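To keep things clear, I will list the structure first and then write my remarks on it.
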Amino acid sequence: MTPWLGLIVLLGSWSLGDWGAEACTCSPSHPQDAFCNSDIVIRAKVVGKKLVKEGPFGTLVYTIKQMKMYRGFTKMPHVQYIHTEASESLCGLKLEVNKYQYLLTGRVYDGKMYTGLCNFVERWDQLTLSQRKGLNYRYHLGCNCKIKSCYYLPCFVTSKNECLWTDMLSNFGYPGYQSKHYACIRQKGGYCSWYRGWAPPDKSIINATDP
């Protein structure tokens, strides 16, 4: 059993009697949470793929050309292959070969990087400027903050290290404005709040200048 299959079993999103059903269910995740909770975050281009006999439906192994690493230097400084379930119903990820650069996030198991539909994976050219800046330094600064999801009103922050994420309340849904343009960063005084990035909120915390 691969790590992703085990995760889906724990989530209870499918039953053993219905392996072929469309069953991949993921909760929305802010890109900052995806960054902070991933072992590996990289920008890469897929240059090949093959199906290997692992698990009930096999595992897709993508060969990648790593362009840049944002997180995971101690876990796996250079990633050559990424693994995902072959079946989309088990959250397997389908990527184009020799076409796009991707932002890829995932976990490391037994020296291999695994990813899937519940990870934050996006074409690089689809990321906003704020998201790219987040990958470079802002998201890392906010990993001690907590992004609290709000699905319906009323909802409140309950501690000073929380940012209230309300994209799901918008008519536009997820991903919304906070996902695309904001990071939750600890401010002077120890509290966390959303930061758009016109100027560093506290130069003792963020040692960077926006272009």
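Using the three backbone atoms N, Cα and C, a Cβ is placed for every residue, glycine included.
Listed features, source Swiss-Prot:
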- 1-23: signal peptide (SIGNAL)
- 24-143: domain 'NTR' (DOMAIN)
- CYS24: Zn(2+) binding site (BINDING)
- CYS24-CYS91: disulfide bond (DISULFID)
- 24-27: region 'Involved in metalloproteinase-binding' (REGION)
- CYS26-CYS118: disulfide bond (DISULFID)
- CYS36-CYS143: disulfide bond (DISULFID)
- GLU85: site 'Involved in metalloproteinase-binding' (SITE)
- 105-188: region 'Mediates interaction with EFEMP1' (REGION)
- CYS145-CYS192: disulfide bond (DISULFID)
- CYS150-CYS155: disulfide bond (DISULFID)
- CYS163-CYS184: disulfide bond (DISULFID)
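Secondary structure at CYS192 (disulfide bond), as computed by DSSP, is strand. The Cβ of CYS163 (disulfide bond) lies under 8 Å from the Cβ of CYS145, LYS146, ILE147, LYS148, VAL157, CYS184, CYS192, SER193, TRP194, each on the same chain and at least six residues away in sequence. CYS184 (disulfide bond) carries a strand DSSP state (E or B). Mapped onto three states, the DSSP output places GLU85 (site 'Involved in metalloproteinase-binding') in strand.
Assigned with DSSP, the residues of the region 'Involved in metalloproteinase-binding' (24-27) fall into helix, strand and coil as follows: 0 helix, 0 strand, 4 coil. The shortest Cα-Cα distance between CYS26 (disulfide bond) and any of the recorded positions CYS36, GLU85, CYS91, CYS150, CYS155 is the one to CYS91. Following the DSSP three-state reduction, the secondary structure of CYS36 (disulfide bond) is helix. Among the disulfide-bonded residues CYS36, CYS118, CYS150, CYS155, the ones whose Cα is located within 10 Å of the Cα of CYS91 (disulfide bond) are CYS118. Highest Cβ count within 10 Å among the recorded positions CYS24, CYS150, CYS155, CYS184: CYS184. Residue density at CYS118 (disulfide bond): 19 other Cβ atoms are found within 10 A of its Cβ, drawing on all protein chains shown. A distance of 22 Å separates the Cα atom of CYS155 (disulfide bond) from that of CYS143 (disulfide bond). Reported as a whole number, the C-alpha separation between GLU85 (site 'Involved in metalloproteinase-binding') and CYS36 (disulfide bond) equals 23 Å.
Nearest to CYS118 (disulfide bond) in space, judged by Cα atoms and limited to the recorded positions CYS24, CYS143, CYS150, is CYS24. CYS24 (Zn(2+) binding site) sits 27 Å from CYS143 (disulfide bond), taking the CA atoms of both as reference points.
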